Amino acid sequence: MTKYIVQGGHPLFGEVEISGAKNAAVAILPAALLVDGVCRIENIPQISDVTLSLKILEHLGAGIRVINRHTVEIDSSHIRSTRTSYELARKMRASYYLIGALLGRFGQAEVAMPGGCNFGVRPIDQHVKGFTALGAKVMVEGGFINASTENGRLKGANIYLDVVSVGATMNIMMAAVRAEGNTIIENAAKEPHIVDLANFLNSMGANIRGAGTDTIKIQGVDRLRGGSYAIIPDQIEAGTYMAAVAATGGQILVKNIIPKHMDCITAKLVEMGVEVEEREDTLLVRRSGPLQKANVKTMPYPGFPTDMQPQITTVLCLAEGTSLVTESVWNNRYRYVDELKRMGANIQVDDKTAVVEGVDHLTGAPIQACDLRAGAALVIAALAAQGESEISCVQYIERGYEDIVTKLQGLGATIRAVEVPGESEELEAHIG
Ligand code: EPU
């Protein structure tokens, strides 16, 4: 088992290069199953969720050629099976994208039920509603979700989502792309990775319009051809480094980002007294004065992202005054708060609201990550805290942050990964 040892209390200075977006990559990799030919995908983040996605594709019979650390070629011309490995697929929440991709290409899919839940109920009823509207029969049998069509091809339909769901929007888009006729998804999610998936599919010959708005129109095509595509930069990874320098003080240049995607995070940090200077594809982020309190409410894009909630709450622990954080996407995303309290944070959680009373400083402690973004929040807390922290269960963090230790060391942080023998690395399946 790996742990991170952090000597905190020092400002960050330097430059950090942002990797490709995790939540785009975990959808675009399965979407390669829709293509009869070779897709070259660039700017793939080197994270464990990507490694797992590639293993699942390989197991289905896709040819995987690793070109370099961030580029692979996927050849889905000779898929052997539409049944995914139970053991592999159940480890990752995003394996639900295999249903849309396999169903869209072959008219059938058998995918392990995504694992239990660690920050609230995570139903997939909206995905199922979409597949059913497109003409699929969906059942749960022996731990698998079985989806099938009578004649091997889905039929376009109008689908109104009852809740704004990133996963359902992308999954239905994948299923509909090769369906017969037109599909309209209304009340669709608008996150940058939704636009990225649509751009990927369109570059392979799909006909998708309106991605990034709440109405997505898809005209089914007979086949998708191979091509080359680069994944967008990771908005949440960039936001996490911005939050880190907000907490520690200092000045960093965040490189390889799309500034527009960062607006919802930048606006909140500026309100808290952080200076952010936007350039073409970089942000210069500086915090020299005291942090101000702020109220934060998570919302679907372009609102403040839930995947930044733990990190911003951590920064608010060090702000002057009382801040209110409201989590309106997930119903149990405050499990990390008890760990922050070990470090001296003053936070009271009541259902979806956290009342954060700013403290003068945090102190280092042994702490444990309980999921990906919670883990990122603890790293931020440890960097800002006085003294040494030991963070365990960092395998959650490595699911979504490429080279986090090296990147932070590049910003002058005193952080190192150490191997501790004898403890299990098994993740709670699914998160993220
Ligand atoms: N929901 C339903 N029914 C559904 C689907 C969702 O009721 O069929 C509800 C959920 O319970 C939740 C809300 O709708 O309350 C939003 O869920 P959404 O479907 O948008 O989430 P997701 O697709 O499962 C993705 C990201 C999450 C991120 C959310 C929200 C991936 C692999 N995961 O999850 O990312 O929090 O969107 O933006 O893209 C992370 O990266 O740390 C992470 C958790």
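Cβ coordinates come from backbone N, Cα and C, glycine included.
TrEMBL annotates ARG93, ARG122, PRO123, ILE124, ASP125, GLN126, VAL329 as UDP-N-acetyl-alpha-D-glucosamine-binding residues; of ASP75, ASP307, ASP350, ASP351, the candidate listed for that same site is ASP307. In the predicted model, the domain 'Enolpyruvate transferase' (6-408) has a mean pLDDT of 95. Counting only the Cα atoms, the space from VAL329 (UDP-N-acetyl-alpha-D-glucosamine binding site) to ASN23 (phosphoenolpyruvate binding site) is about 16 angstrom. Here the binding-site residues are LYS22, ARG93, ARG122; the one with the fewest Cβ atoms within 10 Å of its Cβ is ARG122. Counting other CB atoms no more than 10 Å from each candidate's CB, the binding-site residues ASN23, GLN126 peak at ASN23. For the binding-site residues ASP125, ASP307, the ranking by surrounding Cβ atoms (within 10 Å, all protein chains) places ASP307 first.
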